[in-house]
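Feature list (source: TrEMBL):
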- A:6-22: transmembrane segment (TRANSMEM)
- A:29-49: transmembrane segment (TRANSMEM)
- A:55-73: transmembrane segment (TRANSMEM)
- A:80-102: transmembrane segment (TRANSMEM)
- A:156-174: transmembrane segment (TRANSMEM)
- A:205-229: transmembrane segment (TRANSMEM)
- A:235-268: transmembrane segment (TRANSMEM)
- A:280-298: transmembrane segment (TRANSMEM)
Amino acid sequence: MRRWIWLSVVVAIAIAYPLLLSSPFQQRLGALVLLYAIAASAWNIVGGYAGQVSVGHVVFFGCGAYAAMGSYAKFGLSPLFGIPGGIVIAVGLAAIIGVPTLRLSGHYFSMATIAVAETMRLIVTNTDWLGAAVGLSGPTVPRNIFDLSFLSSLPYYYLFLVILAITLFVTWWMTNSRMGFYLRAIKDSERAARSLGAPASRTKLYAYMLSAAFTSVAGALYAMMFGFVDPESGLGILISVKILIMAALGGAGLLFGPLVGAAILVPLEEISNSWLGGKGAGLTFVLYGAIIVLIARFQPGGLLSLFTRRRKPSADPGASHAP
Amino acid sequence: MLLEARGITKAFGSFKAVDDASVTLEHSDILGLIGPNGAGKSTFFNCLTGDLKTTSGRVLFEGRDITDFAPELRAGLGLARTFQVPQTFEGMTVLENVMIGAFLRTAHRKEAETKARAVLERVGMSRLADAPARSLGTPGRKRLEIARALATEPKVLLLDEAMAGLNAHEVKLAIDLVRDIHRSGITLVIVEHIMEVIMSLASRVMVFHQGKEIARGSPREVTSNPAVIEAYLGKRAAKAAAGHTPVELMGGPDL
């Protein structure tokens, strides 16, 4: 019951936010929070629940961004048509990357994903058809509403809100299914999970593909909002890092963790950028570094785990001596 | 024949941890694997469960060659195991731990939960169902391992030192549980250090020493086998022991 009250409060705030705080800066900020929340929630499926820390998730982000812009720049279609294409490419790529790399444990998986992401960035930077270093642009003047090119951030805000709701719903549904249970078990002890019949490799791969699909959508939405994509904004490793930190700060493996992380970090970055101007861009990443250290040291479960831990019933002391 | 291992050899480099070991398991057997530390019994055990790939030899389950089957496939066929060092899913409740096992036979959460609760009831842990698994002590974790394995509805249950780290009273309770499991028609393979456990449970015993099987037979037979005493106590002790009953020397059976 209390959960539903909390949920409706959060939803109400999310819907009312851009109407109450309606300056262009605030609306843009809100839209960006939601956008990063989508990406971080998508990462959370494989990074949080399955415990496979992918640092190359920007590859899938880039698939979506390039597919959306490509469908306009190459075929004159609405960027919207690029979304399904981006999902297909991202999921296919996830399968190709995942089969060999998900066997690797811990840091090795993370390093392999970084290598793949950087390789992709270099390939795209040197591919003329994808705009090379300049990138691809979307429609400069919207031809119709399906080009999803708006001056105001308000339509983007609500679009992102709907997509985020879908992402979170699918995640929630997954965590309550056998797959979600298996993922959590694999995260704790892959060996034990397999001994109980959990097909570890396959389950992780499915999670990776699902995560890739939503990350690709986030990339497509990002490119639509900004109207262009280049290797740095679509495939830069720092996007991966940002996504990861947001999920970790809020609480990896918790449904609303990534949203909380995004709601803290995006405003922090935007405000520090607007205060410090161009010179401050580097400072944001110093801040990220500091946050990584702080999370790792004081709250590895993320900020939200502060609350969940308190609510969980703990076994009475006698429990440990039970037969 | 339920489970059969033929000429299992497991080498790590040039060292043969298990050297040409064979065993057959009939329905409703309780097979005990014993031997001094480092004798190769755990390695052999892990070859049966699929946790280790054999260097040579075959493993058959109900006549089917499962040598190249992954552990999860073997679990699906009805081979369940526990771990010597409990591999508890720390982030879950006790109930959820058992549900992971139950999910092998059903994809539905409700069904898995119902079954997991029934298993917890059976092993006497239903009071702890909603407690975080990380709050359990060693005896609780050991029992949870068994509960999880039972939830997969195994035909054969392999217990890897399920009694290690328990006090005498807890060992007695655990033995009762294993007997109860056996009565329900599950065939058992137990690796055990505690002699009294083997003596009171096993119908057949296989003794390992330096990777090789040195004796097999009923618990009484193997404990009076000079080769076994020598493996445990050394040559001189074996000679000295010739006049005593070996079971006494090895600390059992008191039950």
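Glycine residues also receive a Cβ, built from the backbone N, Cα and C atoms like all the rest.
At the 8 Å Cβ threshold, with sequence separation of at least 6, the transmembrane segment (A:55-73) comes into contact with the transmembrane segment (A:235-268) through 3 or more pairs. The list of residues near the transmembrane segment (A:80-102) in space but at least 6 beyond its ends in sequence, with Cβ under 8 angstroms from a Cβ of it, reads 52, 56, 59-60, 63-72, 109, 112-113, 116, 146-148, 201, 204-205, 208-209, 211-213, 215-217, 219-220, 224. Counting Cβ pairs closer than 8 Å to the transmembrane segment (A:29-49), the top stretch among A:156-174, A:205-229, A:235-268 is A:235-268. Same-chain residues lying 6+ beyond the ends of the transmembrane segment (A:205-229) with a Cβ under 8 Å from its Cβ atoms: 31, 35-36, 38-39, 41-47, 49-50, 52, 54, 57, 60-69, 79-80, 82-83, 86-87, 89-91, 93-95, 97-99, 102, 135-140, 148-149, 153, 156, 159-160, 163, 167, 170, 174, 179, 183, 243.
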